[in-house]
Amino acid sequence: MRLIVTKNYEEMSKVAAKEMAEDIKRNPEIVLGLATGGTPVGMYKELIRMYNEGELDFSKVTSINLDEYVGLSGDHDQSYRYFMNTNLFDHINIDKNNTFVPNGLAENVEEECMAYDARIQDIGGIDLQLLGLGANGHIGFNEPGEALSVGTNLTDLKESTIEANARFFDSIDDVPRKAITMGLGGIMKAKKIMVIASGEGKAEVVKAMMSGKITTEIPATMLQMHRDVILIVDEDAAKLLK
């Protein structure tokens with residue numbers, strides 16, 4: 001696992017964007033696994049800047065998102081499809097037919113999960129998977145527990161996750177309680193994984209991810225078993241690392 005510590009969130013975002021941009025330039029038909037939440041917003045802004053300045057071409061890129069809330073349509077302003085469109089896809093030349101997010105309104109969630117895994121396999125797997133870190137160690141919506149799912153699955157969100165995401169909604173009561181998430185198996189099959197984290201609130205989980213005991217109670221520790229992980233964090237998130 002490679003570690004890069006940056007001075008602040010802005011620098012972390014720029015370093016992460018540069019890392020992804022270099023992979024896109026090496027492989028214009030790259031399959032990107034993308035994440036949502038507050039942490040990658042700055043990175044996406046930097047990728048948009050690079051595109052606008054002629055440094056990047058997304059026309060042949062395919063993207064697969066980690067997760068989606070159950071019960072929200074793609075045009076709901078708190079859905080992850082909407083997030084991706086407004087924070088990245090609407091501002092670059094990616095073909096939206098090649099951008100995939102789980103269907104939060106699927107009538108048969110089990111079938112949607114199986115179809116999502118099949119789609120990942122059909123496009124040849126993920127070349128670069130971007131991950132943020134939940135304060136409780138979740139990656140995607142793979143929450144701490146006695147066991148972790150291998151494939152894409154329906155998951156009940158932990159109260160800590162609901163509370164963390166409540167800032168995006170009018171009320172905590174509006175936060176969905178379930179989500180469709182790519183499983184640990186799908187994430188671990190990615191050829192390369194890039195993890196980004198910012199702020200003191202992520203320091204404990206960053207320390208655990210780097211050197212803690214591998215346990216399903218902190219899903220991020222599973223990344224220790226992956227052959228190619230780069231962790232990009234700011235100084236606050238790295239404060240507990242020796």
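Every residue, even glycine, has its Cβ placed from backbone N, Cα and C.
Since the structure is predicted, the reported quantities are computational estimates derived from the model, not experimental observations.
What Swiss-Prot says about this one:
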type	residues	note
ACT_SITE	D67	active site, proton acceptor
ACT_SITE	N136	active site, for ring-opening step
ACT_SITE	H138	active site, proton acceptor
ACT_SITE	E143	active site, for ring-opening step
For E143 (active site, for ring-opening step), just count the other CB atoms lying within 10 A of its CB, please.
22
Could you give the Cα-Cα distance between E143 (active site, for ring-opening step) and N136 (active site, for ring-opening step), in whole Å?
8
For H138 (active site, proton acceptor) and D67 (active site, proton acceptor), what Cα-Cα distance in Å is obtained after rounding to a whole number?
12
Determine the most Cβ-crowded residue among the active-site residues D67, N136, H138, using a 10 Å radius around each Cβ and all protein chains in the structure.
H138
C-alpha spacing of D67 (active site, proton acceptor) relative to N136 (active site, for ring-opening step), in angstrom:
17
When DSSP states are folded down to helix, strand and coil, where does D67 (active site, proton acceptor) land?
strand
